[in-house]
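As given in TrEMBL:
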type	residues	note
DOMAIN	B:9-106	domain 'Pseudouridine synthase I TruA alpha/beta'
ACT_SITE	B:Asp52	active site, nucleophile
BINDING	B:Tyr113	substrate binding site
DOMAIN	B:146-248	domain 'Pseudouridine synthase I TruA alpha/beta'
Protein chains: 2
Amino acid sequence: MPRYRLDIEYDGSAFAGWQRQAGQRSVQEAIEDAIKAFSGDEVSIRGAGRTDAGVHASGQVAHVDLARDWPADRVRDALNAHLGLANDAVAILAARKVADEFDARFSAMARHYLYRIINRRARLALEAKRAWWVPKRLDAAAMHEAAQHLVGRHDFTTFRSAHCQANSPLRTLDRLDVTRDGDVIEIRASARSFLHNQVRSMTGTLKRVGEGGWTPPDVKEALEAADRSRCGPVAPPDGLYLVKVDYPAEN
Amino acid sequence: MPRYRLDIEYDGSAFAGWQRQAGQRSVQEAIEDAIKAFSGDEVSIRGAGRTDAGVHASGQVAHVDLARDWPADRVRDALNAHLGLANDAVAILAARKVADEFDARFSAMARHYLYRIINRRARLALEAKRAWWVPKRLDAAAMHEAAQHLVGRHDFTTFRSAHCQANSPLRTLDRLDVTRDGDVIEIRASARSFLHNQVRSMTGTLKRVGEGGWTPPDVKEALEAADRSRCGPVAPPDGLYLVKVDYPAEN
């Protein structure tokens, strides 16, 4: 059975998250339904990141094995047609045939997330559910300084959801950059893998620094405490995007 | 009665257009309702651009006279609070007191529109209702070349809706630029004023050039014919944004 890699965009506000769950519409189910409508195959697809309800993606990756050897562009176009008929807020940006060893989740070498904050007095209209609205002025330079204490290999227990199923709280954060352009603050986070709610937990904590409630060294202390109760409020899902997943060059 | 200028953002997909009309939710009505809830005043506000159903704004401008002399920031914050309670996809970006002579519509010296096309094979998910999806590859350079035939003072009958109520089809188009950045094609149009559906009519015609169906000189001929039947298909409202309105410096 040929294996296909799918590159996927979705509006997370329309879904109960990536992962299939009874009684609620998930991105996984929407794509699996489209695959069945197109090919007749009843499949289970695996994604690189199990994004939560409300979290978006512009570069999610999944893999699927199909019974027939379809041209990859045909798979992309047919899935998009069926996703359109079902009115699901998902797009298949690309499909390509990959080696049987390719696994969207386990072959991933790095995941890249973007968190968008709109920092202005006025509520959001065009960006509602697409960004976190923070009316109080944030100091993005202080947020960036604080973020550098989190980069590197650490025990991220402080920034991990109580529901996280990972065996270890150790992760290596390769990048955590905070930049401002006008009213928009962007936080870019990269790592081989993240703990559950890690990006939103770090973002909520950095926002505290931006407001002046915490200093950058407070974030270092919170990290070193390895204590979930030391985390700032978890940022809402609206601003979070899975933007890219890296794989070894041959994929 | 003090006069206030309001700078306004809205998601046009949630509304039947700017202008109040019986039985359908308009942006004007949403804001007038918020003004009444805040101040008790029953007012009629006037906007710089009467955008159609589905057309967005990041820089619409309106004016309103209020009975009491409120601080301008208080007006902005109170209107945003009431728009939020009513769950209307409108934000008041700024409010300021202006001279009694200021008129959002008649004092405007220039209006600036942006039309966004996403030019890729895959349907839209994150940008659904926020851009025009064109799957066939467009030649943006040819579109820009064709657009330059429309710049200047012309009879724009070809690019004017049959429902246009303007007395004259003569307009001076100051700018019509087409640029591409990856999959995104942006068309930027500036003029003192536009005819009804003018930007969408010009965009639909430029798309024909981008596809190779028309050449740039065909657009010049269509303009010179001053014949509505020579217009390409009108582009959908989803991609159109009123981004800025210029006024004399004192406002």
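Placed from the backbone N, Cα and C atoms, the Cβ positions cover glycine too.
Of the recorded residues, B:Tyr113 (substrate binding site) and B:Asp52 (active site, nucleophile) place their C-alpha atoms 13 Å from one another. Non-local neighbourhood of the residue listed as 'active site, nucleophile': B:Gly12, B:Gly17, B:Trp18, B:Asn197, B:Pro237, each in the same chain, at least six residues away, with C-beta under 8 Å from its C-beta. Around the Cβ of B:Tyr113 (substrate binding site), a 10 Å sphere holds 27 further Cβ atoms from the protein chains shown. Each residue of the domain 'Pseudouridine synthase I TruA alpha/beta' (B:146-248) gets a DSSP state, and the totals for helix, strand and coil are 35 helix, 31 strand, 37 coil.
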